[in-house]
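Enquirer: Pulled these features from Swiss-Prot for this protein:
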| type | residues | note |
| --- | --- | --- |
| DOMAIN | 22-200 | domain 'Reticulon' |
| TRANSMEM | 33-53 | transmembrane segment |
| TRANSMEM | 54-74 | transmembrane segment |
| TRANSMEM | 143-163 | transmembrane segment |
Amino acid sequence: MGDSVSSSSRVSVHQSLGAGSVADLLLWRNRTGAVILLISSTGFWFLFERAGYNLLSFVSNVLLLLVAIFFLWAKSATVLNRPLPPVPNMEIPEEFANKAADDLRVWINYVLSIASDITIARNPIRLLQVSLVLWAISYVGTLINSLTLVYIGVLLSLSFPIVYEKYQDHIDEKVNSTSKFVRNISRKFPLPINKEKKHQ
């Protein structure tokens, strides 16, 4: 009985990841895409981190190669009366730029609201949360560089969702018990009460 209740209230990992192509990729339902992502990210990490290749020189060499190939293709096409190379329209649509600007504005406003919550409202819990996150980022930054951190993020994003989907009940049970434990501990700390005078 308890199993049927927990399975009926269980949220699908595929649905929570958006139920689209990204969810299929992260849950290895699109095995080809997941393998390509894993191999390409490993190749880039090895190329830039272990082989010591520079990102700027890599990008400039790739662009130089593409420009040379398209130039030679276009010149040979005019000489041999062949069609020109199919170069896509290299232009950012206005709708895409507006949507990106709106999304960026939402994130900036969220960060500013957190800063306002810390400074103006003097929320000590939010200050502690932000301080811990910033300290953790700083500490991790001293241990590894950003490219390795991105590579670890790719590896975790390809492994954690599938593990969570397989062992969702056990993980949820442990997270709930940990959350209850943390809540019980945090209740023992007194919170300052804001006493504001009301002006009428």
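Quick reminder: no glycine exception, Cβ is built from N, Cα and C everywhere.
Note that the structure is predicted; figures quoted are calculated from it, not measured.
Please situate the listed features within the shown structure.
Expert: Averaged across the domain 'Reticulon' (22-200), the predicted model reaches a pLDDT of 85.
Counting residues 6+ beyond its ends, the transmembrane segment (143-163) has Cβ neighbours under 8 Å at 13, 17, 26-28, 34, 37-38, 41-42, 44-45, 48-49 in the same chain.
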